[in-house]
Amino acid sequence: RDPFAKRTKTIYIVYVIAALDITWMFLQFSVTPYLAKKLGFNTLWFGYLQTTVGVIQLCGGPMFGRFGDIFGARAALSLACSSTVVFFLLLAIAENPAMLFIHKLPTIFMHVVPACQMVVADLSAPEKRADALSKLGLCFGVGMIAGSTLGGHLNTRFGETFTAGFGAVGSTFSLLLVLKFIPKTTKSQAPTPGRDSENKSKSIFNVGEITRLLKFPGVKRTFLVKIVAGLPSGIFQVMFSIIALDFFKLKPEQNGYLMAYFGIASMVVQGGVVGRLTARYSESSLLLLSIGVSSFVGLAQAYMQDVFQFCLTVVPMMFSLSVFNVITDSMLTKSVPPSDTGTMMGLCASVQSLLRTVGPTVGGFMYVNYGISSIGLLQFVVNIAVFVHLLQRHLRKTPGHQE
């Protein structure tokens, strides 16, 4: 069979697996906040619960990426899907606050999306990578709509336990897809014998191997931008379920519809806009654009009063987030050798986890003490600062602006 056709088929199967995984994840979002409320969690404790997940995934991300580089894509995806099954089974039997914390433990290996990104990065040509990765964002939109709507309806009609059980069955189906269709390894180039045995002999927990990637040119700076500029919008996203419940006073079903609207906006941007932009403009220009838009989204969110005004900010918010994540991931995977793309994707995932770790605590504190506007203003100030810094670098590099 034609290897190109085979690669394309694998990428499409990966898109399906990613869309399903996001569906189960958003299904869970329509269970956990309401279950936590039933079990007597207040805003602060719900923040701690979110932080726990962030810490667990922060530790798991780089190890998981390294596991993928050493043992191949199928093993990595199987591990991630199996962990998701266990996660939902534990959620289904969670009847006290301690169990709600325990059910978060499998999230250490629940990195289905980074594993999918790893496969797509391995199987796509470098110049097409940003476009291929942005199509994964399209799957995110599909999953967000399906999961939020399905979760809202199932939870309202059959309760939390049934919805969690449904998630476990769905995740099992994802696992079967992985075992049937994903090749054992997706690395395109034949590794040099020395490098390969060296890779095999080194453990997954080798911190040196993981931090070695930060020494490649441009990696550290892109990483810092990813963390600093991503933090304020990360805080808003983490706090969103609380904002929806507390500030907008939404019911589970209304929250589902709002999430579905997020999903549609995300799909339009990732499926129709990002690929076209990456084909036409340089990655550094797009990075600047996304950070600039993000700062004004923060300003708008600082002054919004109701759901309608918030809905007006959703499209630019989704645009800046999508472009920002796709471009930084693409820049980072291109900066390292193909044998390390998995570890790099793991590190990228751990940035998201870092934001989820710091986000709930900082966000909870800001929201309780200074209200919702403080989160938006923080985003405005931080992103403007990063934008100015990057713009100066950008201008220095362009011809005619010698240092």
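Every residue, even glycine, has its Cβ placed from backbone N, Cα and C.
TrEMBL does not curate its annotations; it predicts them automatically.
Features of the protein shown, as given by TrEMBL:
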DOMAIN    7-397  domain 'Major facilitator superfamily (MFS) profile'
TRANSMEM  12-31  transmembrane segment
TRANSMEM  43-64  transmembrane segment
TRANSMEM  76-94  transmembrane segment
TRANSMEM  100-120  transmembrane segment
TRANSMEM  132-150  transmembrane segment
TRANSMEM  162-182  transmembrane segment
TRANSMEM  223-245  transmembrane segment
TRANSMEM  257-277  transmembrane segment
TRANSMEM  284-301  transmembrane segment
TRANSMEM  367-391  transmembrane segment
Beyond the flanks of the transmembrane segment (43-64) by 6 or more, those residues with Cβ under 8 Å of it: 32-33, 36, 76, 79-80, 97, 100-101, 104-105, 107-111, 114-115, 204-205, 210, 238, 241-242, 246, 343, 346-347, 349-350, 352-361, 363-364, 367-368
Intrachain residues whose Cβ lies under 8 Å of the transmembrane segment (100-120), provided they are six or more past its termini: 10-11, 14-15, 17-18, 21-22, 32, 35-36, 39, 41, 49, 52-53, 56-57, 59-61, 64-65, 68, 73, 76-77, 79-84, 86-87, 90-91, 94, 129, 132-133, 135-136, 139-140, 174, 182, 186, 329, 341-342, 345-346, 348-349
The transmembrane segment (132-150) vs the transmembrane segment (284-301): 3 or more CB pairs under 8 Å: no
Stretch of maximal Cβ-Cβ contact with the transmembrane segment (284-301) [cut-off: under 8 Å; candidates 12-31, 162-182, 223-245, 367-391]: 367-391
Close approaches to the transmembrane segment (223-245) from elsewhere in its chain (Cβ under 8 angstroms; 6 or more beyond its ends): 29, 33, 37, 43, 46-47, 50, 214, 255, 258, 287, 291, 294, 297-298, 301, 317, 320-321, 324-325, 328, 332, 347-348, 351-352, 354-356, 358-360, 362-364, 366-367, 372, 375-376, 378-379, 382-383, 386, 390
Intrachain neighbours beyond the transmembrane segment (367-391), with Cβ under 8 angstroms and 6 or more residues off its ends: 43-44, 225, 228-229, 231-233, 235-236, 239, 242-243, 247, 284, 287-288, 291-292, 294-304
Tertiary contacts of the transmembrane segment (162-182), as residues 6+ beyond its ends and Cβ separation under 8 Å: 9-10, 13-14, 16-17, 20-21, 23-24, 27-28, 30-31, 73-74, 77-78, 81-82, 84-85, 87-89, 91-92, 94, 112, 119, 151, 154-155
